[in-house]
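Per TrEMBL, the features are as follows:
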- 12-30: transmembrane segment (TRANSMEM)
- 42-62: transmembrane segment (TRANSMEM)
- 68-89: transmembrane segment (TRANSMEM)
- 96-114: transmembrane segment (TRANSMEM)
- 126-146: transmembrane segment (TRANSMEM)
- 158-179: transmembrane segment (TRANSMEM)
- 185-206: transmembrane segment (TRANSMEM)
């Protein structure tokens, strides 16, 4: 009973924290709607977020993990909505369509594979590895930012609230993965938590100046979580 309660409580906390992180996209979309333009920003964070959530949703279905299914169903719906808003107000619609076609091919290939693969355990293993690869690629994206911060000794390019939220979310999902004995959930979120911790450490090493006359750096870290 205690294990079930712990799993349920931890799953609920992870779900709520992750959905709140997903909802930060509404702030960005609201800005697009007010300006009636997306400027020079890219739709890739939204599109990659949709791909990641959809694949984790498929993994949740294969493993019958209701918590993973719920959070990624919500995430898939939100990121698809964000992509639609971006498409409406962007100038280069062809690029958005190209990116959507690319991830559609990945989703279709994964769906067809799971439909025709008779070995259920192999399906879980392949889709789990695909989800991990997507997560590793996602977590590797801020590495250029870390090099930039170290080179300039300036942390303005690191969005502190997003990093703290990512650290907390990754910690919860790592703990949940340990609790249910799922390495495909444990490993990518552990890596994400370590990377977020490294970025937080940079705030200690290179504290922000109270006032600066130098150039301002735009955030380079993706806002999409793994799960």
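Cβ from N, Cα, C; glycine included.
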Top Cβ-contact partner of the transmembrane segment (185-206) among 12-30, 42-62, 68-89, 158-179 (pairs under 8 Å): 158-179
Any contact, the transmembrane segment (158-179) to the transmembrane segment (68-89), with at least 3 Cβ pairs under 8 A: no
Residues of the parent chain within Cβ reach of the transmembrane segment (12-30), under 8 Å, 6 or more residues beyond its termini: 46, 49, 67, 70-71, 74-75, 78-79, 81-82, 85-86, 162, 165-166, 168-169, 172-173, 176, 223, 225, 227
